[in-house]
Every structure is written in structure tokens, then in C-alpha cells.
Amino acid sequence: MRIAVFAGDGIGPEVTEQALRVLEKLELPGLELVEGDVGGAAYRKHGHPLPAQTLDIARSADAILFGAVGDFTLDHLERALRPEQAVLGLRKELGLFANLRPAQVFAGLEDLSTLRPEVSGKIDLLIVRELTGDVYFGEKGTRTLEDGRRQGWDMMSYAEDEVRRIAHVGFKAAQGRSKKLCSVDKANVLETSQLWRDVVIEVSAEYPDVELSHMYVDNAAMQLVKNPGAFDVIVTGNLFGDILSDQASMCVGSIGLLASASLAEGTYGLYEPIHGSAPDIAGKGLANPMATILSAAMLLRHSFGLEEPAARIEAAVAAALAAGVKGGDLGGNAGTKEIGDAVLAHL
Ligand code: IPM
Ligand code: MG
């Protein structure tokens, strides 16, 4: 069980440290942790946000626990050297095409949402986001038009095999939940989305037990705040999934509680909180490490098939929350280490 630990920037190291305490406490046989540099931290040390040695560590491991990347003081760098390229590069290089972003409301935390508690309390959904294609990874550039105007451009595309494999992940996830899958696209405007929809419908023939529906992304954004409880599994492309998953996290009430898995074919995966590096509170011991701790639980479940310790971690987080241990993001005043201590105590 070799786990690459890439803590990254901002609050990444603090929250990762608490997740490692939790993993170590479980005394899993064969657990081996190996650290690597990513993001702005890696750029400062090695001149690149995703140095070759970090990729080597990733390839030598069975899974990655990832903190966060992002450092606004480096935003002036050319795009290829910006901290965000670390996570984009890992996704592409390692074929991490399937991003699972669950969002559910913990009992007792319904009031944190800006939605009414009777609405937010019903949220229990999973966004399956395609992660290595779409406008994120298409050709892009800036050019000057003949009339002298500057133009930025980014190419959006999906090949049918890319859609098919993420559709399978979506349908299988739906089979393990309430057997409802909603595919989100913008097929009324985009050719990319029309092909997406056609292929998802083709794949659905293999899953007669799953009820498939389609929704335009603008409507999906609206339904997510109107009646989020109506969603179970959502499958969507890279850009729409990026936006809808942040929105879903706010419907829950805090981005500080949401974990994610980015999976390759097989069992390899990268696990990270969906929040960013939060430079405003970095280094102050204020960040809520729960999303990273829950990401470690997803790691045990998806990459190692260790359901029992994964469920134990999740139960410990829920118990700590139920006991009133809340970070600033949840309106409480528990610090990073204190939250880690509380989760360990409930483990
Ligand atoms: C995410 C983030 C990334 C993305 C950024 C950091 C490149 O927002 O994981 O959702 O856009 O995919
Ligand atoms: Mg995002």
C-alpha cells in the first residue's frame, strides 16, 4: 500500500497532516507513505509545478493523497508553470478520467446551507465528472485578428470513447445507489454535447435497470438550488462538472467537508478535498481538515477495497461533527489540529 502524499500549497500541508494521522492510527499492514512536491511549492523548489521526480513518485505508488494547489503570487507565470498545472498534469499523465464528487448533508448541519434546511437536508448526490477531456485539454491560444483585436480561444471536444467510458462509470455508480442517472450537457447549443448525449443513450442500452434522464447545464444549475434532493447520480463533462460540483458543495453549506476521487482504469486514484489552497487562512491552523480526512477514506475504499476502515473514518468524522467539533467554515472555532484530534478520538 504505497501512497504518494502531495500536500501542495496554502492549507494543503496542514490538512494533509491530519489525514495522515488518521491513516497512521488505523495501523494498516503494508502502509507506506512517500512525499512529493506539487504546485507553487514545487515551482519554488524545482522550477516546475509538476517536476519529473514527483511524476515518478506518483507512478511508483498505488494511490495519491493530494492536498491543494494554487498560489496567487505565481499567477503572473506562463500558464504551463502555474500551480494548477500540477493537478491538471497529474490527471492527464495518469489517465485519471473519472472524478467522483459526492455531496451530502451531515445530520445536524442542515442549517449551514444557504438553502432552507428542509431543502438542503435532502441533498445526497454524486457528481461523476469527466476529468481528462473537454475544453480543459483542447488546443488553446491567443491571437491577433486581422483587424488588430486580440482573441483568446479554447477548443472544446469529446471523442466518443471518452464519453463512453465516463458514461459507464456513471451508470455503474447509479446501479450502486438509487438507479437514477442524470446526464448534464448543453446539447441545444454545442455539437460536443450532442455527441455526448447520443453516446450516453447508446451506453444506456447496457444498463436497463438504470433510469436515464438528460438535463441542460443551465437548468441543472437551477434545479440544484431549487430541489437538490431530486438528484442522485449526475454524469457530466469536465467544465460543467467543475462548476456544478462547487455549486453542490455550497448547497451542502461548506466546501470544507467535501472529498473527491479521481480514478484511472483499474484501482489507481488521486484523492483530494475539493476546496482549494485558501491562502487567506494558510499556516494559521484554522483550516478544516475533514474533507481531506474523508478523501483518505475514499482512497482506502476505491484503491484498496478497504471498506471497513473507510467507513470507520467516515463515522468518526460524523461523530466529531455531531459532538459539535466545527471549523470556522462551519461557523465553529475548532482549529485544524483540534479537529484532527477529535476525529482520532472517535476513530
Ligand atoms: C477542481 C479545480 C481545478 C479544476 C483547478 C484547480 C484547475 O477547480 O478540481 O475543481 O478546474 O478542475
Ligand atoms: Mg473546481
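For all residues, glycine too, the Cβ spot is worked out from N, Cα and C.
According to TrEMBL, the domain 'Isopropylmalate dehydrogenase-like' annotation covers 2-343. Averaged across the domain 'Isopropylmalate dehydrogenase-like' (2-343), pLDDT for the predicted model comes to 96.
DSSP assigns Arg129 (substrate binding site) to a strand segment in the three-state reduction. Taken from TrEMBL, the feature substrate binding site covers Arg91, Arg101, Arg129, Asp218.
Counting only residues at least six positions away in the same chain, the Cβ atoms of Leu88, Asn238, Leu239 sit under 8 Å from the Cβ of Tyr136 (site 'Important for catalysis'). When secondary structure is read from DSSP and collapsed to three states, Tyr136 (site 'Important for catalysis') falls in the helix class. For Tyr136 (among others), the entry in TrEMBL reads site 'Important for catalysis'.
Residues annotated as site 'Important for catalysis' in TrEMBL: Lys186 (among others). In the three-state DSSP assignment, the secondary structure recorded for Lys186 (site 'Important for catalysis') is coil.
Annotated Mg(2+) binding site per TrEMBL: Asp218, Asp242, Asp246, in sequence order. The number of other Cβ atoms within 10 Å of the Cβ belonging to Asp242 (Mg(2+) binding site), over all protein chains shown, comes to 19.
Under the DSSP three-state reduction, Asp280 (NAD(+) binding site) is assigned to coil, being neither helix nor strand. The Cβ neighbour count for Asp280 (NAD(+) binding site), using a 10 Å radius and every protein chain shown, is 9. The NAD(+) binding site annotation in TrEMBL covers Gly276, Ser277, Ala278, Pro279, Asp280, Ile281, Ala282, Gly283, Lys284, Gly285, Leu286, Ala287, Asn288.
The substrate site in the record is lined by Arg91, Arg101, Arg129, Asp218, and its two most distant CA atoms lie 26 Å apart. In space, Arg101 is the closest of the binding-site residues Arg101, Asp218, Gly276, Ala282, Asn288 to Asp242 (Mg(2+) binding site), judged by Cα positions.
Taken residue by residue with DSSP, Asp218 (substrate binding site) is part of a helix. Residue with the densest Cβ environment among the binding-site residues Asp218, Asp246: Asp246, by other Cβ atoms within 10 Å.
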